[in-house]
Amino acid sequence: MTGSRYKARILYDGTHFSGFQIQPDQRTVQGELEKALTLLAKGEKIRIYGAGRTDSGVHASGQIVHFDFPFEIDPVGLMTGMNASTPSDLTILDLDRADDSFHARYMAKGKKYVYRVHNSRFQNPFFRHFSHHHRYPMNKSKVEEALKHLIGTHDFTSFASTHSDKEDKVRTIYKASVEVNEETNEWVFTFIGNGFLYNMIRILMGTLLQIADGRREPNTIEQIITKKDREAAGPTASPTGLCMEEVYYEPQDIPGYSEVDDQ
């Protein structure tokens, strides 16, 4: 009996994971998924492939993975079995059969990340795992002005970790926005692009927070991009506020795609 390829959308609280990618002697999302699938496959080793490799402490509400299962099984039954075999901070939201050529990472055309900031003098313990605490007053209009400079296709060398293994640091951002909940003092930053470099969003956020509280001017974003120098940008913000929300596999599904030229 031959098996099938499956595609799944998963959600996880990254607080107690050492990132997505499997590592020796570390608790990872990939490791927990493979452990559950190997159990369901009666001991046959199953390999998981993810759309993105989130870092330690980073969350996901729409990570996409694919894997090949050695024998035919109903997707609902497989999803039920996986959820019964994974820890409480990791859930399979939906699962279905996929074409044998489907690849969660290499076929992705875009991704959506959200970064949450709790802006208050004192930290709220209920937000500590899912938002970055920033104690200094933040100016929304300055942030919105700065975000406009990110839209389009740019060389984001200045906003990439020096440990990035990508030689080509040109990426396209289709959407960069912020919404503020006045009641909870939560700022929600949304970034949608064709791809993001290692630590790119966290470095962008470290820079945007400096703009928000007046330590930098909004137009410095353009200057930082032009310099192509990591030291020109702000610090790397904490992973706790970052969440991968969606992966796009069709260009027409990407918000803002038709408004930005990424050629």
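For all residues, glycine too, the Cβ spot is worked out from N, Cα and C.
Computed from a predicted structure; not experimentally measured.
There are 18 other Cβ atoms within 10 Å of the Cβ belonging to ASP55 (active site, nucleophile). Under the heading active site, nucleophile, TrEMBL lists ASP55.
Annotation source TrEMBL lists substrate binding site at TYR113. DSSP classifies TYR113 (substrate binding site) as strand under the three-state reduction.
For 10-106 (among others), the entry in TrEMBL reads domain 'Pseudouridine synthase I TruA alpha/beta'.
The domain 'Pseudouridine synthase I TruA alpha/beta' feature in TrEMBL is assigned to 146-250 (among others).
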How big is the gap, in Å, between the Cα of TYR113 (substrate binding site) and that of ASP55 (active site, nucleophile), rounded to a whole number?
13
